[in-house]
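Below: the structure, in structure tokens.
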């Protein structure tokens with residue numbers, strides 16, 4: 001008989017999958033000119049950041065549910081600000097991609113996250129260029145290229161936006177490891193939003209003022225309070241569902257849930273948005289890319305276990321494996337977009353949603369495999 005604890009874990013995973021998929025589809029519906037027609041991705045992302053920052057402020061400063069970390073000016077200037085800048089960039093570019101390409105194709109492009117993260121890690125000196133990993137990255141890239149070739153409504157502008165957002169998110173993940181972990185700073189979902197969301201809001205203000213404010217002044221843009229409030233609330237709920245999942249499962253379980261979520265999302269997007277049809281070549285390319293991602297994760301898990309579990313006895317080996325599963329939840333920093341992201345440190349190419357919603361704190365940089373949650377694009 002299944003225990004109550006296990007049932008609760010499955011329930012949390014189900015809630016995460018539903019919320020993650022829902023936030024991404026909701027963001028697409030709001031931004032798409034064919035539906036709600038609010039083609040202002042920076043504005044939408046700023047709404048998310050402002051809402052999540054305000055909620056985090058009340059939880060930390062007013063209700064005192066959690067205590068703020070010891071944040072010095074040096075840590076804020078050298079860690080929080082650059083991480084927030086790339087976080088804001090990944091959300092901006094990821095959400096903008098929804099204006100040009102389908103949800104299904106965006107999910108397929110997100111398979112490039114481990115490639116981008118690996119390249120950024122090598123350039124920043126936090127990882128080494130290895131033949132086996134490099135071949136996996138080539139396999140992932142080939143799969144994405146095949147998937148792109150099979151895309152019926154391929155749009156170069158949307159593809160460039162999405163890929164740019166992926167590399168911005170990858171650089172943010174690497175910076176999170178290099179900067180925050182070296183400072184010994186651990187952020188939970190609430191404190192991560194408390195520090196990073198307001199800073200990301202400020203970074204988004206500049207492109208918003210230059211690009212979208214003039215358009216809002218001359219266009220008849222509809223603003224429905226209920227729509228935007230519920231959209232931001234769903235993204236915030238996704239953020240906390242990720243927290244619950246992380247507390248009860250390990251990195252491998254979340255990766256599997258992320259892959260399942262991606263397939264469900266691709267299928268749902270073709271039903272809800274008829275224009276986002278997928279072809280057999282799309283599926284073949286995405287399957288090839290996923291094979292590369294799975295192989296990459298297996299290599300990382302093997303490497304970590306080889307380095308941390310030498311010649312221990314079986315009880316110690318089991319204990320260390322369990323700790324390894326849980327250790328990946330030590331660092332929790334927001335990320336990603338309208339899954340991009342939000343919705344999002346990386347569990348897998350699906351980044352527990354750095355891609356799903358802009359306010360998702362999904363990017364825990366796991367030592368098992370630095371690949372992209374949401375966004376998810378939040």
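Glycine too: its Cβ is placed from the backbone N, Cα and C atoms.
Of all ranges given (252-273, 318-339), TrEMBL attaches the label transmembrane segment to 252-273. TrEMBL tags one of the stretches 7-26, 347-366 as transmembrane segment, and that stretch is 7-26. Note: the stretches the transmembrane segment (160-180) and the transmembrane segment (99-121) are in contact (3+ CB pairs below 8 A, sequence gap of 6 or more).
Ranked by number of Cβ pairs under 8 Å to the transmembrane segment (192-211), the listed stretches 38-63, 75-93, 99-121, 279-299 are led by 38-63.
Predicted-model confidence for the domain 'Sugar phosphate transporter' (11-297) is 89, expressed as mean pLDDT.
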